[in-house]
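Visitor: Once you've had a glance at the structure underneath, I'll fire off some questions.
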Amino acid sequence: MGETENHHHHPPPPQAAAPPAAPPAAPPSLALSRGPTWTPAEQLHQLQYCIHSNPSWPQALLLAFQHYIVNLGTTVLIASNIVPLMGGTHGDKARVIQALLFMSSINTLLQTLIGSRLPTVMGASIAYTLPLFSIINDYNDEDFASPHDRFVHSMRTIQGSMIVSSFLNIILGYGRAWGELTRFFSPIVVVPVVCLVGLGLFARGFPLLGNCVEIGLPMLILLMICQQYLKRIHSRAHLILERFALLLCIGIVWAFAAILTVSGAYNNVKPATKQSCRTDRSFLMSSAPWIKIPYPFQWGTPIFRASHVFGMLGAALVSSAESTGTFFAAARLSGATAPPAHVLSRSIGLQGIGMLLEGLFGSLVGTTASVENVGLLGLTHIGSRRVVQISTAFMIFFSIFGKFGAFFASIPLPIFAAIYCILLGIVAASGITFIQFANSNSMRNIYVLGVSLFLGLSIPQYFVTSRTFDGHGPVRTNAVWFNDILNTIFSSHTTVAIIVGTLLDNTLEANHVEDRGIPWWKPFQHSKGDVRTEEFYSYPLRINEYLPSRFL
């Protein structure tokens, strides 16, 4: 009790304020613990020769010949499918192939000199087949003295349609409208566009190879083994096989196909199998002239019909879209930076001039940037512009001296299909690499990419499978020209990807502008935005000094 009375109660000391809770520590980066990460690379560094470096002349000649062979496959495929439907003979088919090769050489030379300046071969475009079917159907209902007369009349109509529709590309290009459209692109749009440039041509791959498996499949397997595995045997073998395995494998499998043909292996098979497998079924060697120089209006005076002109306008627009996607892939696989808007504009304008020349010289279809030849840049690791320019000399030579050109044109198409299985895959994969410049972890970007890729594959597949035997697509109104335009546009994987991807990417809000890759993309939209643009895309021989700045 006394202790209690004498005890003094002191108030407890004030409690010190608790420090704020520290934020939870970020989980350790698994990527760092598992290995290195790679920073985005605007240019591929594993190329042995980039766009403005050149191999030795002997190597350049062989590489150029490879480009000619790769381009030849699509040319022969289009002519073989279309000319018989028009009533043409084997001799007509040979002349059409010569005209296609000749115009391909002229347009390739123009594009590499004063167009895109990229190492792209300008080859025959399959986008023009729908308007051709309309012309064929119209003339099937008319009376002609002979099938050859119907063929000539069809060619004259194609000439007139291409001459008029070429002005669409000329206006879009040199009016700079096409370049302004590409300013709405971003890496998120470029990925599906370039991917579908390659994947959209899947019908030229294994479906065509399957027409003659005993030739196509050995070609596919042999090319992969020689080009990717056998090159490791010796340093000298590495150099030769990496660059020239394609020619070696074609020679081996072509000889194998000739042995099967001579030995009678295809004497008792279906006509379709004979056509695909035999080396003597093209009939080009016997029908091609020794010397024939393509000249303007070689089929006669052009015929202008409004309904066919409008249909060809859709094909001209599609070929421009497909060339744009191919130019991005070519820049990637040749060691150049992304082509700026003004370069894309002038290249499409020049493609229109090329289409005008094709109409004058009587080409069967217009040209577009060859996807297969761009894939060859990635296969050989050589993106030299000079190599592609030299390839035009082979095209001109074999287009004039028909017998020599017919010899190589008799290569069975399944051999080309095996080559395309690899080359088109390389182009599609090059499109995927553009995602490194945007945020691949953004759900918004995943949505845009997924929808663009899927619809870019699905919509054209619907239009192609809904097409009747005579070429009529799912759009069937009383206006045939309107049908041709819509059916042609929506049968193109690349065009659908551009439409869907551009709309979604520019209307869906992004959390940050960096998510879309705009900071990386923007400098390449202007001629002075990146110091390397002048290095890769400027005109040769100081032509810049003599042109108005608005054309540069």
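Every residue number used here counts from 1 along the chain in the order it is shown.
Note: Cβ is positioned from N, Cα and C throughout, glycine not excepted.
Where the annotation comes from TrEMBL, it is an automatic prediction and has not been curated.
Pulled from TrEMBL, these are the listed features:
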{"type": "COMPBIAS", "residues": "12-27", "note": "compositional bias 'Pro residues'"}
{"type": "REGION", "residues": "1-35", "note": "region 'Disordered'"}
{"type": "TRANSMEM", "residues": "65-84", "note": "transmembrane segment"}
{"type": "TRANSMEM", "residues": "120-139", "note": "transmembrane segment"}
{"type": "TRANSMEM", "residues": "160-178", "note": "transmembrane segment"}
{"type": "TRANSMEM", "residues": "184-203", "note": "transmembrane segment"}
{"type": "TRANSMEM", "residues": "245-266", "note": "transmembrane segment"}
{"type": "TRANSMEM", "residues": "387-409", "note": "transmembrane segment"}
{"type": "TRANSMEM", "residues": "415-434", "note": "transmembrane segment"}
{"type": "TRANSMEM", "residues": "446-465", "note": "transmembrane segment"}
{"type": "TRANSMEM", "residues": "485-504", "note": "transmembrane segment"}
Visitor: Is the transmembrane segment (120-139) close to the transmembrane segment (184-203), in the sense of at least 3 CB pairs under 8 angstroms with a sequence gap of 6 or more?
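Guide: Touching, no - the transmembrane segment (184-203) and the transmembrane segment (120-139) miss the threshold of 3 or more Cβ pairs under 8 Å.
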Visitor: With CB pairs under 8 Å as the measure, which of the listed stretches 160-178, 415-434, 485-504 comes out on top against the transmembrane segment (446-465)?
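Guide: Answer is 485-504, with the largest number of Cβ pairs below 8 Å.
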Visitor: Cβ under 8 Å to the transmembrane segment (245-266), counting only same-chain residues 6 or more beyond its ends: which ones?
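Guide: The answer is 62, 65-66, 69-70, 214-215, 218-219, 222-223, 226-227, 230-231, 273-274, 277-280, 376, 379-380, 411-412, 415, 418-419.
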Visitor: So what's near the transmembrane segment (387-409) in sequence-distant terms, Cβ-Cβ under 8 Å and 6+ beyond its ends?
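Guide: Here the qualifying positions are 54-55, 60-61, 63-65, 67-69, 71-72, 75-76, 94, 97-99, 101-102, 104-106, 108-109, 112-113, 119-121, 282, 284-285, 287-294, 373.
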Visitor: Considering only the recorded stretches 65-84, 160-178, 415-434, 485-504, state which has the highest number of Cβ pairs under 8 Å to the transmembrane segment (120-139).
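Guide: Comparing 65-84, 160-178, 415-434, 485-504 against the transmembrane segment (120-139), the winner is 65-84.
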Visitor: In the same chain, who gets a Cβ under 8 Å from the transmembrane segment (65-84) while lying at least 6 residues past its ends?
Guide: 92-93, 96-97, 100-101, 104, 121, 123-124, 126, 129, 132, 136, 151, 204, 208, 244, 246-247, 250, 282, 364-365, 370, 372-373, 376, 380, 387-388, 391, 394-395, 398, 408-409, 411, 413, 416-417, 419-420, 423
